[in-house]
Amino acid sequence: MAFRVLSRAGSLQQQQHQMKLLSELLSRSFSSGPKNVGFIGLGNMGGPMASNLMAKGHKLHVFDISKEAKDSLQAKGAVPYDNVAELAKASDFVVTMLPNNDIVANTYDTIIGGGGVKNNTIFIDSSTIDPNVAKAVQQKVKAAGATFVDAPVSGGVPGAKNATLTFMVGGSTEEYQAVKDLLEGMGKKITHCGGYGMGQAAKVCNNMMLGISMCGLAECMNLAIRLGLDPKVFADIVNASTGRSWASEVNNPVPGIIPTAPAANGYAGGFATGLITKDLGIASAVATSSNSPIPLGALTHQIYRTLMAKGLANKDFSVVYDFIKNNENK
């Protein structure tokens with residue numbers, strides 16, 4: 001009986017400590033003035049996102065394995081770091097925007113192992129990773145005494161540059177409120193998806209749909225052209241009809257239709273084939289673990305794996321049109 005009382009008392013103390021911490025986080029989040037923000041990962045997405053936070057007046061502490069990426073942000077006023085733990089020590093918020101599960105997990109292990117976690121630090125991971133990895137990282141950060149939310153994004157490089165990204169946040173309601181103001185400096189729609197890992201769950205499902213829709217658009221554009229339709233005419237019809245999608249409006253895969261699309265620049269830039277293939281792999285893994293059939297997702301994953309094998313990993317994922325165009329129906 002005494003053990004149960006002590007156990008309940010300990011649990012109550014932990015809850016009170018957590019509520020106090022969340023109260024402090026909310027208070028600091030809503031306080032006026034610039035924040036010290038650490039940003040790890042300054043690639044095609046992370047670089048513009050960090051720049052937008054600087055434009056909002058925040059003081060940026062930045063890290064990337066690319067010296068050129070760090071130098072670019074340093075020229076705008078950011079403080080560069082060679083050590084992610086030291087960066088975290090200097091930051092109120094830390095945003096990570098990294099390529100895959102392993103790099104995310106290793107980065108947080110390095111931060112925690114290097115003493116970079118402070119009780120009042122909020123860590124925000126905007127990478128696209130397995131929801132289960134996000135949950136595991138959250139548990140490690142929480143055990144070290146800090147706060148972690150998963151907040152992957154949608155909107156691509158144009159959204160990152162124009163601060164119009166959609167953020168999908170996984171965490172408690174209080175934690176969502178604590179990060180919302182900062183995220184609004186990089187995006188226009190900040191959605192609370194539920195508990196830890198639910199932001200990643202939303203992102204994985206969204207990106208599977210994105211890959212499927214791009215393959216479908218590429219296939220139909222090729223068919224329309226082979227049937228004799230003018231590609232611009234057909235693209236206009238699609239965008240005024242039920243076939244309309246983000247891919248058709250923003251990233252049409254046929255060169256010459258949208259001047260700003262990667263297709264107009266040899267499929268350079270944009271959302272790399274290697275990344276959509278990685279995301280489709282995550283979707284396949286979580287579909288297996290949840291016993292969910294994804295026939296179209298699986299076929300799309302196989303198509304992009306074929307593009308990877310052809311050396312197209314660094315090309316925008318709309319290059320699938322070029323692949324389809326150069327094949328015959330045999």
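One is the number of the first residue shown, and numbering goes on along the chain from there.
Just so it is clear, glycine is given a Cβ too, placed from its N, Cα and C backbone atoms.
Unlike curated records, TrEMBL annotations are generated automatically.
TrEMBL lists LYS203 with the feature active site. In the shown protein chains, 29 other C-beta atoms lie within 10 A of the C-beta of LYS203 (active site).
Annotated domain '6-phosphogluconate dehydrogenase NADP-binding' per TrEMBL: 36-194, in sequence order.
Per TrEMBL, the feature domain '3-hydroxyisobutyrate dehydrogenase-like NAD-binding' maps to 197-322.
Summarised as a single figure, the pLDDT of the domain '3-hydroxyisobutyrate dehydrogenase-like NAD-binding' (197-322) averages 97. Secondary structure of the domain '3-hydroxyisobutyrate dehydrogenase-like NAD-binding' (197-322) per DSSP (helix as H, G, I; strand as E, B; remaining residues coil): 85 helix, 2 strand, 39 coil.
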